[in-house]
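Presented below is the structure to which this report refers.
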Amino acid sequence: MKINFRVNNGSSIKHNFFFVFRNTSTIIIHFNLKLMAILIFILIHWYGSLFFQSVFHHRYAAHNLFTMSKFWEKMFYLGCFFTQGSSYISAYTYGLMHRLHHAHTDKTEDPHSPHNDPNPFVMMWTTRNNYFNLYIGKTDAAEKYKKNLPEWERFDKIAHNYITRFCWIAAYVIIYALLATAWWQWLFLPATVIMGSLQGMAVNWWAHKFGYENYKLTNTSKNILPFDFIFWGEAYHNNHHKHPQRPNNATKWFEWDMGFQTMVFLQKLKIIKIKYQ
């Protein structure tokens, strides 16, 4: 009986090796691209949401640090809606609440002071209740705090609607379902849903608890970072409480206010006009 043995030649082995290598590389690249995509989404959401909260809500609505046309004001409203999504907040109510914060910093009337609450989560809930009561008119404020606040009531009603918020949450779930490659990435979903509130907590809690002081004031405000590349200049809370009507929150040579620099750029584009005190 004759037995024949057949051995694959070298070219066949090479072909199989490169086929496996190519497909493995494709899987790895696809995995890395999806991971990169979800990280980019989280970063864009963080910086986009906080940009509008810092520049539009805080500096424009609350402090009137620059002017712009009604057209651009509405564009900023839309920017808030698309970047804050399910955590959208009214510029009118934010501005009113923030003015009350400056008027009653660290006192019982302060709508969001860590001095009055035991932890950041309780402060978040207190802030939420104070904000909502101001929004629906359950809590009233003196007329002097309501002057020159931007108002687009019809749009706020749409953006504030629970159905609208639910649609945003559903959109976030779909984005994570398409991009998430590991279970731990889903841990960012709750932060995505409450992004605006989370950013408010980070600034208002940390900046009254931890950091350094350039100025000795009668409140607990502090600067979180010496070089603020995370909070659009909102990290300089102590500086801001000292100079609330100053467009640039940075006061020392090593400090850098990214929000103010963006305002300067927007002024060059003739979108806004900064009020220098």
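Cβ coordinates are placed from backbone N, Cα and C, and glycine is handled just like the others.
Keep in mind that this is a model prediction, so the values were computed, not measured.
Residues or ranges marked as domain 'Fatty acid desaturase' in TrEMBL: 38-248. The transmembrane segment annotation in TrEMBL covers 35-56, 76-97, 162-180.
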Distant-in-sequence neighbours of the transmembrane segment (162-180), which means Cβ under 8 A and at least six residues beyond its ends: 34, 37-38, 41, 85-86, 88, 186, 188-189, 192-193
Averaged pLDDT score, the domain 'Fatty acid desaturase' (38-248): 95
